[in-house]
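Engineer: Dropping a structure here in structure tokens format, bear with me for questions.
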Amino acid sequence: MSKYSDAKELASLTLGKKTEYANQYDPSLLQPVPRSLNRNDLHLSATLPFQGCDIWTLYELSWLNQKGLPQVAIGEVSIPATSANLIESKSFKLYLNSYNQTRFASWDEVQTRLVHDLSACAGETVTVNVKSLNEYTAEPIVTMQGECIDDQDIEIANYEFDDALLQGAAQGEEVSEVLHSHLLKSNCLITNQPDWGSVEIAYHGAKMNREALLRYLVSFREHNEFHEQCVERIFTDIMRYCQPQSLTVYARYTRRGGLDINPFRSSHQSAPNHNQRMARQ
């Protein structure tokens, strides 16, 4: 378990508890989780070593128009990594469900409400794009960039998180390259439910040992943290052990409850070049 899994800030979350599903608009359903919980554990100061954002895709977004006709859309939300809070995913789902039987004058009104409520919960302005299904149908399914490190003939017997697996992992020639793995799996901090993801790592620095990196990523398999926290841990561990001159970590997780979360952290870039689905999304 994470060192902060029993933090008082988590005690009031609806996650892991039986809840009622509201169908009338209610922004009070949103629940924040302070980013400081895991950042204190990572010994991060107010001056963060990364930029970035958390990109959410909202697949179950529906409301009624003024005539009572249901509307459906797909939403894309970007929450800055500098925000005080991340948004707990079950509360996000419950909040979106509260739109289901509520009448709104226009799609713009829905988008404006989303921006206002999510920004208030995160503690910083978020961006929201509400798309029609026709718009989203044109979006391609893509793969991650660079070299996949998954097809290695190695034996693994331990699945407990171990950052020291990166010790000495970067001792090769200086390179600029992109690596990725589809074997990232961790567990929800509260419910222990599995979270499945793919992760792309772009860096400039001493060449990283593929076996060491894969063993490290697999060691998250029984680790309990939220998606955003895992990605920040990967970023800080690679910076600490491998000391690249530049680093970007971009994970795309499979959806749960009609939402997927795609955290992006970079030493030099505030947002990814794309927000396109992977095969498992």
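Each residue, glycine too, has its Cβ placed from N, Cα and C.
For reference, Swiss-Prot lists these features for the protein:
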BINDING   Ile87, Glu88, Ser89, His227, Glu228  substrate binding site
BINDING   Ser89, Lys90, Arg256, Gly257  NADPH binding site
ACT_SITE  Cys188  active site, thioimide intermediate
ACT_SITE  Asp195  active site, proton donor
REGION    262-281  region 'Disordered'
COMPBIAS  264-281  compositional bias 'Polar residues'
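How about a rundown of where these features are and what they're close to?
Structural biologist: For the recorded site, Glu228 (substrate binding site), the DSSP three-state label reads helix.
Under DSSP, Cys188 (active site, thioimide intermediate) is assigned to coil, being neither helix nor strand in the three-state scheme.
Taking Cβ-Cβ distances under 8 Å and a sequence gap of 6 or more within the same chain, the neighbours of Asp195 (active site, proton donor) are Lys185, Ser186, Asn187, Cys188, His227, Cys230, Tyr253, Thr254, Arg256. Asp195 (active site, proton donor) carries a strand DSSP state (E or B).
Note on the region 'Disordered' (262-281): residues 49-57, 76, 78, 80-81, 139-144, 182, 196, 198, 227-228, 230-232, 235, 239, 246-255 of its chain, located 6 or more positions outside it, place their CB under 8 angstroms from a CB of the stretch.
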Engineer: If you count Cβ atoms within 10 Å of the Cβ of Arg256 (NADPH binding site), leaving out that atom itself, what do you get?
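Structural biologist: There are 17 such Cβ atoms around Arg256 (NADPH binding site).
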Engineer: For Gly257 (NADPH binding site), find which of the binding-site residues Ile87, Glu88, Ser89, Glu228 come within 10 Å, Cα to Cα.
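Structural biologist: Qualifying among Ile87, Glu88, Ser89, Glu228: Ser89.
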Engineer: Given the substrate binding site residues Ile87, Glu88, Ser89, His227, Glu228 in the record, what is the largest Cα to Cα distance, rounded to whole Å?
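Structural biologist: Those residues reach a largest Cα separation of 11 Å.
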Engineer: Quiz question: given the binding-site residues Lys90, His227, which has the greatest number of C-beta atoms lying within 10 angstroms of its own C-beta?
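Structural biologist: For the binding-site residues Lys90, His227, the Cβ with the most other Cβ atoms within 10 Å is His227.
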Engineer: Compile a sequence-ordered list of residues in the same chain as Glu228 (substrate binding site), six or more apart from it, whose Cβ lies below 8 A from its Cβ; state 'none' when nothing qualifies.
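Structural biologist: The list for Glu228 (substrate binding site) reads Arg35, Asp54, Leu86, Ile261, Pro263, given in order along the sequence.
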Engineer: Report the member of Ile87, Cys188 (the recorded positions) whose C-beta atom has the most other C-beta atoms within 10 angstroms.
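Structural biologist: Ranked by Cβ atoms within 10 Å, first place goes to Ile87.
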